[in-house]
Amino acid sequence: MASHIILPKEEEEEEVEEGLGVAVEADHDLPEPPRYRHLQPAQKALPFSATCVRISRDSYPNLRALRNASATSLRDDDDAFAKLDEGDYGYVLDDVQHLTDYLPELPTFPNPLQDHPAYSTVKQYFVNADDTVPEKVVVQKNSPRGVHFRRAGPRQRVYFEPEDVKACIVTCGGLCPGLNTVIRELVCGLSHMYNVNDVFGIQNGYKGFYSSNYLRMTPKSVNDIHKRGGTVLGSSRGGHDTHKIVDNIQDRGINQVYIIGGDGTQKGAYEIFKEIRRRGLKVAVAGIPKTIDNDIAVIDKSFGFDTAVEEAQRAIDAAHVEASSAENGIGLVKLMGRYSGFIAMYATLASRDVDCCLIPESLFYLEGEGGLFEYIERRLKENNHMVIVVAEGAGQDLIAKSIPVADQLDASGNKLLLDVGLWLTHKIKDHCKSKKMEMTIKYIDPTYMIRAIPSNASDNVYCTLLAHSAIHGAMAGYSFTVGMVNGRHAYIPFHRVTSTRSKVKITDRMWARLLSSTNQPSFLSKEDIMEAREAERLANRLPVPAGSSEHTKKHSASVLSNASGDVQGAPTLTLSQLHQPAAAITVPAPPSSATAGTASVAVIDPDDRNRTSGTGRDAGTRDRSTARGRGS
């Protein structure tokens, strides 16, 4: 991190003279690096990252600081694999696993890149050992520096000689634009940068480790696969048998494993790493997160997302043409988003032709004042047509009430969703028929078309950088998930990307921009808004306003009690969120016998929503249990 700190010129010169300035790579590869650095009284204090110390679980009970800083709970078995370094001003490095953590006597070798004609001329090509990437980039003047991750990039010393490397690549889960690009760049990067000759492809997902022959891959064999959609290795869900997989890795002499897949796949990669460590094998495991829904935690975005949004916009354009060409025409587009509505939100913002966007994170209801049906009637009366975008995971609780179905899971353990687009189409038709309204509705589901296309230019570049970062980390002996955090590529511990999902924050300004763009109602009631305002006051420990009634004071105590411990995983409110224009805040909901374990209710302050429709703020006739039954 010394390279990230700007010192006054005279101080910088003094530190260089003392040998404390930016120097060559000083990572795991140097002999006996000191874990603790004790400063002499006469010695000048170092930058905060240079004074990082190793924290034991005895001195850091239950990893409390990491949990507080990142709002992420660790499972008990994750505690043993967490590596935390603490620095000044609340700095915490959530480090990744390294081969030397369980094989301390491993030799190191010069990085072949230092003699590579394409890279040897690049100034400061090797990343500094202290370089880290902050998880939170927006901070206040006196706020702690928070959680950081190890910066991705080539190290000056590596733990594998090129002729000894046997690498394998596997793709798991659903299809996504960019899979072939990542495969191609892994093969070409290993060959062209590190002179690795033995690269193998695992066919058809995790089960291919023990049920298929390994496919030898060369730069020539993967030369043009990035122009095709899908994955040349094949993919599947499930099939993960940790012991069988590691047995085959050990038997075949594989020492670098590159695993491309979503959160379930990364959980599998984590289990593979744990078993490799238990056996004491010199094997690096590199995960490259893939999900078209963009719901991988911590990282800025997953590869293929830009391509998915671009293709989704074409479906929205088609729906708009169909809707505007008919009297009272409605174009309904269902997009991907099982738990997170990122594709629906960004495609809506990119299109500007959408009148209503429905996502899993935001509640909505059909009947009554301020409901979806009322909004549809008004938009058709005003514009004679409308376009609705719905994420596949939205409204599943409403469908379950009208179509009782036993929960079913796919091979990856994901709940099989009912078709919200088809269900909503029939519901809208029935409503318009009951109102004797002439209406034409066109339903478009481009899901599999979007998944199967090649990645666009932006994603191709991103896939290349991810693949190269993964190679550099594996050669340096790390095991990790790689991703971009605040615009910088970083190595992230497996447990950080598998313990939770990234979701659209309806407390964020981006969702407020969408509401402003579509002019859709927030589907929230006055009661929700009052509870949210009270929760805001309590969360910030504000006094009860003068002249408040006894009912308000009692209600304050009640909300504070509910917010303090009954709701598990309720997100924390911040002033920066609460003061944003049209920002929503999240309120812990008291559990009841019908909705035990529910998380929260999201509400929009009506004072910031005057630019939207006047309806949709009073929903007194809606089913209150439905409103409480879904967490935001």
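Glycine is no exception: its Cβ is also placed from the backbone N, Cα and C atoms.
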Given ranges 1-20, 21-40, 101-120, the stretch to which TrEMBL attaches the annotation region 'Disordered': 1-20
If you draw a 10 Å sphere on the Cβ of Gly262 (ATP binding site), how many other Cβ atoms land inside? 25
Set of same-chain residues at least 6 away whose C-beta sits under 8 angstroms from Asp293 (substrate binding site): Met336, Gly337, Arg338, Tyr339, Ser340, Phe342, Ile343
Least surrounded, by Cβ count within 10 Å, of the binding-site residues Gly174, Gly238, Gly264, Gly337 is Gly238
In whole Å, how far does the CA atom of Asp263 (ATP binding site) lie from that of Thr291 (substrate binding site)? 8
For the binding-site residues Arg237, Thr291, Met449, which Cβ has the most other Cβ atoms within 10 Å, all shown protein chains included? Thr291
Rounded to a whole number, how many Å is the Cα of Glu392 (substrate binding site) away from the Cα of Gly264 (ATP binding site)? 19
